[in-house]
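Worksheet: one structure, shown below.
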Amino acid sequence: MSFGSEHYLCSSSSYRKVFGDGSRLSARLSGAGGAGGFRSQSLSRSNVASSAACSSASSLGLGLAYRRPPASDGLDLSQAAARTNEYKIIRTNEKEQLQGLNDRFAVFIEKVHQLETQNRALEAELAALRQRHAEPSRVGELFQRELRDLRAQLEEASSARSQALLERDGLAEEVQRLRARCEEESRGREGAERALKAQQRDVDGATLARLDLEKKVESLLDELAFVRQVHDEEVAELLATLQASSQAAAEVDVTVAKPDLTSALREIRAQYESLAAKNLQSAEEWYKSKFANLNEQAARSTEAIRASREEIHEYRRQLQARTIEIEGLRGANESLERQILELEERHSAEVAGYQDSIGQLENDLRNTKSEMARHLREYQDLLNVKMALDIEIAAYRKLLEGEETRFSTSGLSISGLNPLPNPSYLLPPRILSATTSKVSSTGLSLKKEEEEEEASKVASKKTSQIGESFEEILEETVISTKKTEKSNIEETTISSQKI
């Protein structure tokens, strides 16, 4: 009875040492990181060692209990039956405990399988995330290509805008030059009109002078006719007087005085006729010269008027052409200004759209990074849970191996005692064969435990390396996003300054 109580206390204390409270152990294992996992592993090793020591002590107690020498030389059958009953009770209790442990072990194995499937799914998701994180270079290349295209379009728009501004400046200069020329032509037209008015005044004066001269010619002709008439009358009177005087003198001396008087009258008449002819000729020459001068002045005036009219007509035609050209240039300038305003509005709208798309991409990138960090944390937690379960499984394995060794040692100690009447009911042959096979596999299980410990160490190192690499990747992505944001801000400021 002392053996059963001792075995029960050792088994329960070893179970509590190894597992304790399930919630506390799972909280410690899930809350701790890589170093916590190693601490829990060392704790489980110490607990397993203590449980193994306890089981070995119980088995030694069993052996001592069975090997304790009796008071007499022979062993009583009643004591052997009591001991076998006690051993059966202990075995049934141990079987129940092992059944419960096997059930828990099966549950844990199923949970481990589920966690392994989740781990594989998370590894696939992590590989996809790594591939996606490796693909941001391609996404970044597409983004950079789109940015280059947008920058090229922006440069083309800015060059077109600068070209339009240059054309507008050239057209403005041409308009100013045409306006100056138009003003100059208008001033020339005004001067020509003033000269035309002056020429018209001169023509009016010339016509008035011609009319005056014509009147003077008519008056002179009338005067000449009057002078001729007076001259004829005087000649007639003189002839009459001469005839009278000749008749009077004839009476005195007809023969001597008559030839002298006729010759004198003839001379006087010739002198008057020559004087009248000279006066008429000089008057006609003066009239002809004056009329020719007036005609020449009138012809010059009419020619100047005609040239002035033609020049005025040409100036008017040029003015109309320049006005039409100015209107066309003004319309072209207004259309270019409208195009510039439309280009500026379109450019501002495109810049706003690109900034919105950049902000959306940055938000998507941040969400992707946070999702990657969350998946990595979940993966780390699952790795920690897997390591904790591996440690717990190793502890169960050590506990089972300790029980197997205890059973094997107890079987050996029982076989070393005096032979019982019927020892076949003490331990079934199936259990004995299982214990012997399990005892033979203890060395292999120890090797497997060492390999699992090394694998857990490698897994913890890999997880730490994955965490470090992920942190480096996060830092690189944050730095790259900051650089792209700075470059985008600088480009927008430069484009706004250019505008």
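Backbone N, Cα and C define each Cβ position, glycine as well.
In Swiss-Prot, the entry for N6-acetyllysine among Lys197, Lys215, Lys278, Lys290 corresponds to Lys290.
Separating the Cα atoms of Ser335 (phosphoserine) and Ser219 (phosphoserine) is a whole-number distance of 75 Å. Counting in whole angstrom, Ser219 (phosphoserine) lies 15 from Lys290 (N6-acetyllysine) by their C-alpha atoms.
For Lys290 (N6-acetyllysine), the same-chain residues that are 6 or more apart in sequence and have a Cβ closer than 8 Å to its Cβ are Leu213. Here the region 'Coil 2' (263-408) has, by DSSP, the following mix of helix, strand and coil residues: 146 helix, 0 strand, 0 coil.
Taken residue by residue with DSSP, Ser219 (phosphoserine) is part of a helix.
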